[in-house]
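Student: Pasting in a structure now, in structure tokens, and then I'll have a few things to ask.
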Amino acid sequence: MLEKTSGKPRRTSKTKTRVRVVEDGRVRVRPDTLATEEPMEIRLFAGQKTQTVAVTMRTPGADFELAAGFLYGEGIIESPEDVLKISYCIDSDLDAEQRYNIVNVELRGGREFDLRPLERHFYTTSACGVCGKASLEQLELRGCPVMTAGPEIAAETIYSLPEKLREAQGLFDATGGLHAAALFDKEGELLALREDVGRHNATDKLIGWALLERRLPLTDHIVMVSGRSSFEILQKSLAAGVPVVCAISAPSSLAVDVAREFGMTLVGFLRGGRFNVYAGNERIKS
């Protein structure tokens, strides 16, 4: 059974400050709330082997989900059974702030970790150099399957998602400075939402939650993000088995390529009672 030690973050997701407001030629000072942004290091442990695999700037909160989701999305782990324990670093030579900005992920006995999937960030070929084609090839090499048909989702369900996402963004209400990633079922019921200063982190937290709750694969679900959809958002959703990705803003060209290559449905500009379908329109019932 996966052990999670002291999962509650000791760092807050919100930071208090004071701000000078200039309006109509008048200046006033008032308190303000900012989204906290701090580095988080992810360390992997397998037997006597230790490796730092990532440092990401994130909003504290759901740190263990972030670590698990990142490792899963990058193909370093394949299931929660690969992980023995997730904990904050408690090295005596670190101060308290540093400890809660380092997450240790200990793999189960005998499990080796392969960091080659991370090489996609630097992947080059003599034919194309660093390009989208290489990124798609890496997904194929990892064995990401083409999505099967279904589920069918009513257009009215798609229309309803932005308001549901926005209503659940508690940290955004307080700070105005966070991205969100939300998981819905095919009927449009909100199952989980995570927020972060980084849209990719929010998606990792969401998928990490599903992984640790043993809900993967998410074959009848929708992921919605509050900003644009990029290659990384599609990559992470594909790894989790998500067939439908929706975004408030535009997709990138490579996000569209991934959706079309792997049979995903990709919706963009979902706002104001309209949306664009860039791939997989057969899943949406008018």
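Cβ atoms here come from the backbone N, Cα and C positions, even for glycine.
Computed from a predicted structure; not experimentally measured.
The active site, cysteine persulfide intermediate annotation in TrEMBL covers Cys128. The Mo-bis(molybdopterin guanine dinucleotide) binding site annotation in TrEMBL covers Phe269, Leu270, Arg271, Gly272, Gly273, Arg274.
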Student: Do any residues at least six apart in sequence from Leu270 (Mo-bis(molybdopterin guanine dinucleotide) binding site), in the same chain, have a Cβ closer than 8 Å to its Cβ, and if so which, in order?
Tutor: Ile158, Tyr159, Leu161, Pro162, Met224, Cys246, Ala247, Ile248
Student: I need the least crowded one of these binding-site residues (Arg271, Arg274), counting other C-beta atoms within 10 angstroms of each C-beta.
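Tutor: Minimum Cβ neighbour count within 10 Å, taken over the binding-site residues Arg271, Arg274, occurs at Arg274.
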Student: On the three-state reduction of DSSP, what should I expect for Arg274 (Mo-bis(molybdopterin guanine dinucleotide) binding site)?
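Tutor: Going by the DSSP assignment, Arg274 (Mo-bis(molybdopterin guanine dinucleotide) binding site) falls within a strand, counted as strand.
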Student: Give the number of CB atoms, excluding that of Gly272 (Mo-bis(molybdopterin guanine dinucleotide) binding site) itself, located within 10 Å of its CB.
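Tutor: I get 8 for this one.
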Student: Between Phe269, Gly273, which of the binding-site residues has the fewest other CB atoms within 10 angstroms in the structure shown?
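Tutor: Each of the binding-site residues Phe269, Gly273 was scored; lowest Cβ tally within 10 Å is Gly273.
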